[in-house]
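Structure incoming, see below.
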Amino acid sequence: MRVEVVRAPGPLNRPALAEAIDTLGKKSATVRPSSATHRATAQTLSHEITSTDLFATSTATEQQQTLLLAINDDDGAVMGFLKTGVKHLFYLNPRGEYTEIDPICVLDFYVDEVWQRRGVGLQLFQRLLQEENTTPAQLAYDRPSPKLFAFLKKHVGLTEYFPQPNRFVVFDAYFQSRE
């Protein structure tokens, strides 16, 4: 497996790659029952938030969006993606005070079901940390799914956060790492 990094409004002019990204973006937002557990396996979104059209917008450029793609070495198939961008957030602390922050945010993270639980997501996440020269605690997470919470707990030990009205999760360790 290799990881390709594309920065907005980067070149997604390879038709097969663009089609694969659009397909995975739709899968990422769709709720399907898992045959093994009979529970929802995606993010319960009303529409996809990752597509080649959205990646080509001025908003994607303004947010410095990056798309990390896990590519199968054997057949070139896109196995998963991780989309990030910088967002200006108002963080509400437990005392009711707001702080303005501009973290790199995990905006969408999806590995195709056939490739899940094989280390693909972990490799994407580690490559993100390497590319951005950051730590998991220094990131914000846009509406993380239960699967992403479990992933972060298992692989990097992030669990403590104060719920935000904007549904972004900024872990308490974000502020501890800046002290």
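Cβ coordinates come from backbone N, Cα and C, glycine included.
Pasting the feature list from Swiss-Prot:
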type    : residues         : note
BINDING : 109-122, 145-154 : acetyl-CoA binding site
DOMAIN  : 1-175            : domain 'N-acetyltransferase'
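Burial and contacts for the listed features, if you can.
According to DSSP, TRP115 (acetyl-CoA binding site) is assigned to a helical segment.
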Taking the Cβ of TRP115 (acetyl-CoA binding site) as reference, which residues of that chain separated by at least 6 in sequence fall under 8 Å from it?
ALA70, MET79, GLY80
Which of the three DSSP states, helix, strand or coil, fits PHE109 (acetyl-CoA binding site)?
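Where PHE109 (acetyl-CoA binding site) sits, the three-state DSSP reduction gives strand.
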Return the single residue from the binding-site residues list (GLY121, PRO146) that has the minimum number of other CB atoms within 10 Å.
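So among GLY121, PRO146, the binding-site residues given, the one with the fewest Cβ atoms within 10 Å is PRO146.
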If you skip the near sequence neighbours and keep only those at least six away, which residues in the chain come within under 8 angstroms of ASP112 (acetyl-CoA binding site), Cβ to Cβ?
LEU24, LYS27, VAL78, MET79, GLY80
Which secondary structure state does DSSP assign to PHE149 (acetyl-CoA binding site), in the simple three-class scheme?
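Assignment for PHE149 (acetyl-CoA binding site) reads helix.
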